[in-house]
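**Student:** Dropping the structure in here first, questions after.
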């Protein structure tokens, strides 16, 4: 791409105007989206307008439609709800209301609309778009607009972003606000768990979601609930019997509590609502357990947005502006959505149609189809939940095959959830499951024990590594490891860990030439806060670390805002990998993020200081700079702090903060719990297949490259990749993959921090079709 094409991005929007509004129920992350739309809009030369109070503001006009400035979206990122307000609007449903809205837009020269809201908001605006030409004709006929204004505003472009905590919109894996709502729910479930254990209580928790069970389903996976009621899959007719037996069995195995999650739209097979009170009365009557109901209500909509929602909102906001700038009269109204970790554009009406199809399927009691229509993510969650919650745990020990599970490397939140899932699904498949303490060192020393169903009870929500983890690699102890593999008859190995787990896998492959005992299938599940394991876009634990950094940055920004004219330099973990610094920079609204993957010079540091000097002249008198711990051996945190202190003398003062090991701790976030649970399940299923495949003459012999894999999330799917094939994609000296997907998000961070950069507009989402997308997902 030439410099001219790069430069074009800054002039793409000159002479055009865009209005941004939030509609329907509020959702955390909407403010991050509004901020991104405003700042990227201004960056490209657009005039950007806020529409306050949703569609009502569009109809009422006047002070409700105000031009936005760069500073007007400052300090919005960490706020829940929507700063520009939202309201349900009857007027907009009537043609008269839409006529007034069109008049208000034309008079301000606005021909682009960015709507952030739920499914109801989206259908309303599509009607508005299809009527646009007729509305303008009427306005011109009544003399309210001139012929020139009519020509200038001849067509209206609309882009939608789905902001809803329910995650009930088909076509996107996650809607803005869902992850934050899960944070609120899981925080409450964790808090309730301690009181429930103290009194041996059963808790029935009712969560939001209208007619979609996503929140309830993911919550049940994230906290290891005993039962979940969701509208998409009503329980069998004798569910009362099954539920009571399940609760009773759990207590018999030594559990002191029961957790039941109920979606607010839960129904039975006949469409009759199942309420929290019904369930409570049933448990009290049949089992006599002390049972309490907690209806979570609007707590789920509130609070600070999670790092995931801030990044999702920012990415979607940027993509929305690009979609509007590229729009033509023939472009269909599109929804910017998320598929895996990729931004995609989908035709609005296709998404609305599939969302309606789900409702129709549920009304007609075609529940299996409803689950399929909800999409790949929902189906995967449901399958794993059924495996873990609705299967009777095996009574007898011993089994078909012996699988061992271990943690390697530094602790990461979510490791325990992955171990729990691996152990329990292994037992369900009839295998004997061993746990290895202290990584490869423990495997060499024989620190191995058999795990039963209850061994991993309550592990999902616990941080760190309960098995113990060490960075020791297997190379020096291959002989002892081989001996213990034989001694304990280990036929498959699940290694959960970071870069050491991956390197250890390579060493085991290499050791096969010397020791036949090592010819057993193994799988590496990436779990590290650094997110630096080749073969996977995400690692277990990185999301929790990211949220920890975000929370700290929010507090530091608040301190800086109070002090005025202060810049904070914060050092994050990650080794040589700049994932945490970059993503936290995006989520916390940093002015700069220094990373190893993007080399920088003293001149770059100088430019950043000059940028902050200019910033102090505005109403935003504070700065936040992130530095990855190994981004440069000479430009250390102390060096950058000293440089900023000297160059900022008399203009701003500087402070530094090294976050350290707090980034490895804490309870895992819902994303990490859910991701770890699914990774463990997928790895165990693969392992069972590989062991059967490798069984010859009464023993396991696996020496093909595909018998030692990394299980990773690649764009839109979980895939197994042989460790030997990943060697060429690895920079071993710096312990990072040679190519990293998140580097393409760096320009967004710089634009949102008001840097004049060259933006490559060629790398954007293209319009896809939901039907094609779904048929392609079937194999996943």
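Note: Cβ is positioned from N, Cα and C throughout, glycine not excepted.
Take a look at what Swiss-Prot says about it:
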type: ACT_SITE; residues: 166; note: active site, proton acceptor
type: BINDING; residues: 119; note: Mg(2+) binding site
type: BINDING; residues: 164, 165, 166, 201, 208, 209, 210, 264, 292, 298, 299, 300, 301; note: substrate binding site
type: CARBOHYD; residues: 530; note: O-linked glycosylation site
type: MOD_RES; residues: 2; note: N-acetylthreonine
type: MOD_RES; residues: 133; note: phosphoserine
type: MOD_RES; residues: 377; note: phosphoserine
type: MOD_RES; residues: 775; note: phosphoserine
type: REGION; residues: 2-390; note: region 'N-terminal catalytic PFK domain 1'
type: REGION; residues: 391-401; note: region 'Interdomain linker'
**Student:** At the level of the C-alpha atoms, what whole-angstrom distance separates residue 301 (substrate binding site) and residue 133 (phosphoserine)?
**Tutor:** 37
**Student:** Give me the Cα-Cα distance between residue 377 (phosphoserine) and residue 299 (substrate binding site), rounded to a whole Å.
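**Tutor:** Cα of residue 377 (phosphoserine) to Cα of residue 299 (substrate binding site) measures 25 Å after rounding.
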**Student:** Tell me, what is the mean pLDDT of the region 'Interdomain linker' (391-401)?
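**Tutor:** Taking every residue of the region 'Interdomain linker' (391-401) together, the mean pLDDT is 72.
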**Student:** When you put residue 208 (substrate binding site) at the centre and draw a 10 Å sphere around its Cα, which of the recorded positions 119, 133, 166, 530 have their Cα inside it?
**Tutor:** 166
**Student:** What is the separation, in Å, between the Cα atoms of the residue listed as 'active site, proton acceptor' and residue 210 (substrate binding site)?
**Tutor:** 7
**Student:** By a simple count, how many Cβ atoms lie within 10 Å of the Cβ of residue 119 (Mg(2+) binding site), its own Cβ left out?
**Tutor:** 23
**Student:** Rank the binding-site residues 208, 299 by the number of other Cβ atoms within 10 Å of each Cβ and report the first-ranked residue.
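**Tutor:** Result for the most crowded candidate: 208.
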**Student:** Check residue 301 (substrate binding site) against DSSP and tell me helix, strand or coil, would you?
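**Tutor:** Reduced to three states, the DSSP call for residue 301 (substrate binding site) is helix.
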**Student:** Which state, by DSSP, holds residue 530 (O-linked glycosylation site): helix, strand or coil?
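**Tutor:** Going by the DSSP assignment, residue 530 (O-linked glycosylation site) belongs to neither helix nor strand, so it counts as coil.
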**Student:** So if I measure Cβ to Cβ from residue 164 (substrate binding site) and keep only same-chain residues at least 6 apart in sequence, which ones fall under 8 Å?
**Tutor:** 24, 25, 27, 117, 118, 119, 175, 176, 177, 178
**Student:** C-alpha of residue 210 (substrate binding site) to C-alpha of residue 530 (O-linked glycosylation site): distance in Å?
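**Tutor:** Computed Cα spacing between residue 210 (substrate binding site) and residue 530 (O-linked glycosylation site) is 37 Å.
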**Student:** Just the number: how many Å between the Cα atoms of residue 530 (O-linked glycosylation site) and residue 299 (substrate binding site)?
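**Tutor:** About 32 Å separate the Cα atoms of these two residues.
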